[in-house]
6 protein chains.
Amino acid sequence: MPYVNIKITKEGATPEQKAQLIQGATQLLIDVLGKNPRTTVVVIDEVATDNWGIGGETVTSLRKRA
Amino acid sequence: MPYVNIKITKEGATPEQKAQLIQGATQLLIDVLGKNPRTTVVVIDEVATDNWGIGGETVTSLRKRA
Amino acid sequence: MPYVNIKITKEGATPEQKAQLIQGATQLLIDVLGKNPRTTVVVIDEVATDNWGIGGETVTSLRKRA
Amino acid sequence: MPYVNIKITKEGATPEQKAQLIQGATQLLIDVLGKNPRTTVVVIDEVATDNWGIGGETVTSLRKRA
Amino acid sequence: MPYVNIKITKEGATPEQKAQLIQGATQLLIDVLGKNPRTTVVVIDEVATDNWGIGGETVTSLRKRA
Amino acid sequence: MPYVNIKITKEGATPEQKAQLIQGATQLLIDVLGKNPRTTVVVIDEVATDNWGIGGETVTSLRKRA
């Protein structure tokens, strides 16, 4: 019955990679806690780099400096 | 003062349907707990079917098999 | 497949009231969007009044003035 | 290590304003709790006015009446 | 930089199991997307069974029938 | 109308500090975006150090090593 929300910056994750995140997170809940995959929900949010900050700075700005 | 977040897959909910969800969720909090609608916030997130998983599989993939 | 999160202040909602919120939110998604209740998840968070603010003030403080 | 999520309606916040929200929220956690900015994450969600409700009504509808 | 939120019912997950969820979710983001673990945050919410619903029913009620 | 969620580890934030977070976050939205404080909601979640991970490790474990 778990609910997993994965937030990542929107920087080109493919449908295949997102499917792997969903598969992997669901498997993790099975492996560690024996949860039923049929009612395990995983939602991925892809966030624009202008809208994500770390260290007080947007990722857009961090990427420019990198 | 409640805050309600409704996450659904992005599959064509109309503005009218979303208005009904907002009206209905707000009414539910009035009916059950007597909450003040003026400060009740409802936020609807529509999530791409590639980004929503259940049973370890994306909804995109589930819809193809259906 | 929807996921609904209801946040309310922790001020004595009973198990029966919480069951009504869960039942009502699930029904709302059936009525408005025809969603399958079997995979509709509702999570209620009860938040201490010290941890909830509106108008820049905690609910604890608002309740004292009321 | 804090995580801050700011949800606003999508009504034209500029990259500069979003950078200010990120900078300001990070500084707030430093000032009040002495948190390390290097691991403070801020995520801004911009929500369509059709998808945000208050008082049981969408913001789209409120804006029309204003 | 990802942020992962795992919500499970509060039914006795041990500190070791929670550490495994955190380790596994962080590793998943490394494996699939090459994300930096140093800024990957995982937050686990344990939710009372009275506050979690599926199929329109609380988990408390489902457990009694099981 | 904004909604702000601040997640911190549960390590002794006082009611006064939480009130400052609420006041400061509300003011930030006024200053940057001119938002109405009367409908600005701030919710603080305090998360047990066993339930918060960074770098693949729980904060409980990080604190022991510090």
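Heads up, the Cβ atoms here are built off N, Cα and C, so glycines get one too.
Remember, it's a predicted structure, so these values are computed and weren't measured experimentally.
Residues or ranges marked as domain '4-oxalocrotonate tautomerase-like' by TrEMBL: B:2-60. Per-residue pLDDT, averaged along the domain '4-oxalocrotonate tautomerase-like' (B:2-60), amounts to 98 for this model.
Over all protein chains present, the Cβ of B:PRO2 (active site, proton acceptor) has 26 other Cβ atoms lying within 10 Å. Taken from TrEMBL, the feature active site, proton acceptor applies to B:PRO2.
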For the domain '4-oxalocrotonate tautomerase-like' (B:2-60), residues assigned helix / strand / coil by DSSP: 27 helix, 19 strand, 13 coil
